[in-house]
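J.: One structure coming up, written as structure tokens, with questions to follow.
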Amino acid sequence: MSQYCRPLPSRPDAMDLPVRFPPKSNSWRASNSTMMAAHPESDLMEECLKEDLRFYFMNPCEKYRARHQIPWKLGLQILKIVMVTTQLVLFGLNNQLVVSFKEDNTEAFKHLFLKGYSGTDEGDYSCSVYTQQDVYESIFFVINQYHRLKTISLGMVGYEKNEDDAMGLKVCKQYYKKGIVLPSNYTLNIDSEVEIDCIYLDQVPNSENSGHWMNSSFFSLEFYRLLQVEISFNLKGIDLQTIHSRELPDCYAFHNTITFNNKAHSGRIKIYFDTEANIQECKGLHISGSSQKNTQYILMFDVFVILGCFSSLILCTRSIVLALRLQKRFIRFFLEKYKRRVSDADRWEFINGWYILVIISDLMTIIGSILKMEIKAKNLTNYDLCSILLGTSTLFAWVGVIRYLGYFQAYNVLILTMQASLPKVLRFCACAGMIYLGYTFCGWIVIGPYHEKFEDLSTVAECLFSLVNGDDMFATFAQIQQKSILVWLFSRVYLYSFISLFIYMILSLFIALITDSYDTIKKYQQNGFPQTDLQEFLKECGGSKEYEKQVPTPVTFLCCCQRQESDDNLILIN
């Protein structure tokens, strides 16, 4: 069978469907007229369909030999990958500055407002206190540090002000309604309804009333019914490190919340510090230098990226639409001539999954580039969404490179193995997932109170996944608390059974499925792939015999510049 009539295992780059060329000489017209006179109209339609199908399943180099045109569409995809990657790197460097500024300010705020903060969080909370005196001192420390912020802070931060007046500090406490709690004789008489009481303090208190708020009855806390004390305040800051990158600075609004959590009433009050940093529009910026000019260059580059991706989007969409038309022609012809329907496998041969991947990548790049331009112009501040769009689109763009490597038989093994093993792997994972979920729930409910890696379901799933890969096994065994001998024994049986089952059996079977698919593909490449109806139909492709005598040429980019004498016979019938 001719190499031009056979559909490649990984679908070649078919940006265009058949383009019929005008005859190149009068002799060609004469031979074409003779052929049309000799064959009835149905035979002519069949030959035309075969030629169109053969042209559709050609790779770019084969199409070049048929049309003698440089594959500029292939060049567009390569140029787009370079542009998208460059755009991602530029945005990533800028995003790193944003993330580092937020993290540095969060760390600075913890040291400024948390009394006795060690520099390391205690789990999911920052620090904790154990006496009533420590609670009062920690609350008063926050308020005093807030009032002295301008004189003690090293950062470019200041108080937030609204249009009417300055916004100060807000202190709220939540507590149960009054009741009686006597732990000595197990007496409890309390109303579970929660009440909230708040007080507002100025940014800078008057010198006469500087310490008057400490004597307020609001700060007389009844700890037996206290749930939590929440202190919230807003600050503003300017990130000047972007100027070194020749970009305009960002202005931030920090909403800080310090929570003294006593809901457990266990003798320890956990102190949480949360900050939410939002980028705001800067007003009154006057910066001399080339920052504005550099921003304009980046915006122009983003426009070129959008244009390139939009062109790629149009070409891929057009190719899919034309491929569906060719599919309809083949289905209709096959039904009329052979009186049976085309199989689903042959139908899917016309749907190029790589084009769908490129279309998704182009759409995400266009949307992400627009968001990036708005962020660069300081109109939007959603860095996270823009990062997801640009990162995912770049991932898809680089995965699409596998399509071009698929023109080589040695590299095409990966794609064919993935296609052959995917259905079996998915069915196998569905069964193994049920066992995995069972171990997840069991470990969470039994070992959770005695092991930090089993405290919640997501952590349990991550811990078990790491055990499957052989990571951190000894630490998982050693960190189980021996407070309960029954739980300790159960944990040993639980971990040993999970590791033995998943590593020695399930993981081995998983690898065996992929290995079996790989061996099957290697045999097919040596002995030939099973022939479908579409491939059998293309065997009878007109003009295929002359190509069977040709020596296969290695598929490289330079091969597109080679011209063979037989290329003149590849003109399609109109």
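Every residue gets a Cβ built from N, Cα and C, even glycine.
Keep in mind that TrEMBL annotations are predicted by a computer and have not been checked by a curator.
The domain 'Mucolipin extracytosolic' annotation in TrEMBL covers 98-283. Among the features that TrEMBL reports, domain 'Polycystin cation channel PKD1/PKD2' is placed at 386-521. Residues or ranges marked as transmembrane segment in TrEMBL: 297-326, 347-367, 387-405, 425-447, 493-514.
Any idea what these are sitting next to in the structure?
T.: In the predicted model, the domain 'Mucolipin extracytosolic' (98-283) has a mean pLDDT of 83.
DSSP places the residues of the domain 'Polycystin cation channel PKD1/PKD2' (386-521) in helix, strand and coil in these numbers: 119 helix, 0 strand, 17 coil.
Listed as Cβ neighbours of the transmembrane segment (297-326) (distance under 8 Å, sequence separation of 6 or more from its ends, same chain) are residues 14-18, 52-53, 56, 73, 76-77, 79-80, 83-84, 86-87, 90, 350-352, 355-356, 358-359, 361-363, 365-366, 369-370, 372-373, 376-377.
Within the chain, the transmembrane segment (347-367) has long-range Cβ neighbours (under 8 A, six or more residues past its boundaries) at 7, 11, 13-14, 56, 77, 84, 305-306, 309-310, 312-313, 316-317, 319-320, 323-324, 326-327, 330-331, 389-390, 392-394, 396-397, 399-400, 403, 532, 534.
Same-chain residues lying 6 or more positions outside the transmembrane segment (493-514) and placing a CB less than 8 Å from one of its CB atoms are 417, 421, 424-425, 428-429, 432, 435-436, 439, 442-443, 446-447, 464, 467-468, 470, 473, 476-477.
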J.: For the transmembrane segment (425-447), what are the same-chain contacts with Cβ under 8 Å, counting residues 6+ beyond its ends?
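T.: Tertiary neighbours of the transmembrane segment (425-447) are 454, 456-457, 460-461, 463-464, 480, 487, 490-491, 494, 498, 501-502, 506, 509-510, 513-514.
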